[in-house]
């Protein structure tokens with residue numbers, strides 16, 4: 001038997017019409033499979049540009065998300081917290097401070113704008129899908145359980161609703177839930193104004209659960225510190241932001257022990273406004289009151305009007321300074337400064353009143369009256385220890401001693417037991433009516449203005465030195 005040629009057999013098979021048709025069918029089937037595979041790949045992946053790099057990511061179908069949400073909410077009771085009766089729900093909190101201010105010292109409150117975030121695990125919201133996280137808006141908030149967090153020292157709080165409610169909800173496939181919202185809060189801050197306006201304060205923002213005690217809900221900080229925005233845009237005006245700190249504590253009440261989270265914002269007051277409005281004007285008024293010491297003591301209208309004007313001005317300044325403060329019962333640093341300035345101004349007016357009283361109410365000398373009545377006494381007046389007042393000068397004889405004094409330093413107090421009381425004012429009431437006693441303290445009337453020119457500025461400078469060192473450095 002002659003063996004067949006393989007090449008001839010292959011050629012014969014190719015020429016067979018049935019075999020050719022069979023090969024064409026297989027080729028069409030193969031091409032169809034390739035086309036279907038390509039279309040399926042295009043449907044399951046979509047292209048997006050990120051930094052000019054093409055990446056293929058899975059498409060999320062709207063129907064898939066709807067099915068997941070419907071499955072999660074089926075039989076879900078939003079009135080019950082996660083793990084109820086098993087273990088406490090741990091709430092991880094975080095805060096971003098958008099702005100602080102203004103601070104209202106009269107009402108003792110401040111305004112703060114924050115983004116508040118809470119994260120917890122709810123096993124009832126676990127789902128199996130290629131979608132790792134569901135990014136939802138505020139419409140889903142009312143359908144799941146949300147912590148009943150409230151701000152304990154809040155006087156007023158507003159949630160932002162423009163253009164839509166500023167709330168966000170995220171649900172991960174492992175049951176983790178993130179809930180954030182934006183709030184503007186008017187919080188209470190008890191200001192201690194003893195050192196006003198050189199005071200510093202630590203204003204708290206406290207929050208906790210309203211109805212769940214520590215056995216039900218535990219709050220924890222997600223990060224060790226709270227993040228803040230650009231402080232240059234904050235409307236603090238009279239204050240400077242110096243830092244913050246966050247704490248966790250347990251507060252015991254009649255309804256249970258609650259975990260309270262607190263953020264303390266440290267603020268220090270700027271003195272520029274009060275220096276211009278109060279301190280400098282008060283200092284200038286005090287200095288202005290010293291001008292009367294250089295005015296002639298006989299210029300009664302000038303010195304009196306100057307003293308009264310400065311006193312009234314100080315009263316007005318003290319009233320204006322108090323308008324920016326609450327009606328506290330204790331004395332502030334500014335009250336002390338204004339009060340001392342008022343005392344200095346009032347003392348300057350009292351000094352002139354004292355001087356004018358003893359100058360204008362001088363008594364004529366008895367020896368002088370006798371000389372006017374008896375011409376013989378005037379002729380032999382050099383033999384007796386009397387006072388002889390002349391138009392330009394006066395000769396005072398004390399114990400056979402002669403002293404020449406100017407006319408403007410003479411006053412008509414009579415001498416006691418031969419002593420010269422005419423040029424002195426005794427600090428004791430019985431000086432002009434009683435006997436002379438050795439060791440009395442005397443103040444020279446004519447030199448009161450001279451003494452005041454030195455005493456008042458020196459005392460005021462010493463007060464300022466002690467005042468500023470005590471409040472700024474101690």
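Placement of Cβ uses the backbone N, Cα and C atoms for every residue, glycine included.
Among the features that Swiss-Prot reports, disulfide bond is placed at 189-203, with the record citing similarity to another entry. Of all Cβ atoms in the protein chains displayed, 23 besides its own lie within 10 Å of the Cβ of residue 203 (disulfide bond).
Look at Swiss-Prot and you will find 51 (among others) tagged as N-linked glycosylation site, backed by sequence analysis.
When Cβ atoms from all protein chains are considered, those within 10 Å of residue 128 (N-linked glycosylation site) total 8, not counting its own. Positions annotated as N-linked glycosylation site by Swiss-Prot, on the basis of sequence analysis: 128 (among others).
Positions annotated as N-linked glycosylation site by Swiss-Prot: 246 (among others). Around residue 246 (N-linked glycosylation site), the same-chain residues six or more apart in sequence whose CB sits under 8 Å from its CB are 221, 224, 225, 226, 261, 262, 263, 264, listed in sequence order.
DSSP classifies residue 266 (N-linked glycosylation site) as strand under the three-state reduction. Annotation source Swiss-Prot lists N-linked glycosylation site at 266 (among others), citing sequence analysis.
What Swiss-Prot lists as signal peptide is 1-38, and the listing cites sequence analysis.
According to Swiss-Prot, the topological domain 'Cytoplasmic' annotation covers 296-301 (among others). Residue counts of the topological domain 'Cytoplasmic' (296-301) by helix, strand and coil are 2 helix, 0 strand, 4 coil (DSSP-based).
Positions annotated as topological domain 'Cytoplasmic' by Swiss-Prot, on the basis of a curator's inference: 359-450 (among others).
Summarising the annotation, Swiss-Prot assigns transmembrane segment to 275-295 (among others) and lists similarity to another entry as the type of evidence. When Cβ-Cβ distances below 8 Å are used as the criterion, the transmembrane segment (275-295) is approached by residues 302-303, 306-307, 310, 313-314, 317, 320-321, 334, 337-338, 341, 344-345, 348-349, 351-352, 449, 452-453, 456-457, 460 of the same chain, each at least six residues removed from its ends.
Swiss-Prot lists 302-321 (among others) with the feature transmembrane segment, giving similarity to another entry as the kind of evidence.
Through the fold, the transmembrane segment (334-358) approaches residues 196-197, 274, 278-279, 282-283, 285-286, 289-290, 292-293, 297, 300, 303-304, 307-308, 310-311, 314-315, 317-318, 321-322, 325, 411, 425, 445, 448-449, 452, 456, 459-460, 463, 467 of its own chain, all at least 6 residues removed from its boundaries and within a Cβ separation under 8 Å. Sequence annotations record features per position, and here Swiss-Prot assigns transmembrane segment to 334-358 (among others).
Same-chain residues lying 6 or more positions outside the transmembrane segment (451-471) and placing a CB less than 8 Å from one of its CB atoms are 195, 198, 286, 290, 293-294, 333, 336-337, 340, 344, 347-348, 351, 443. Summarising the annotation, Swiss-Prot assigns transmembrane segment to 451-471 (among others).
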Long-range Cβ neighbours of the topological domain 'Cytoplasmic' (296-301) (under 8 Å; 6 or more residues past either end): 352, 355-356, 359, 449
Neighbour count (Cβ, 10 Å) for residue 266 (N-linked glycosylation site): 15
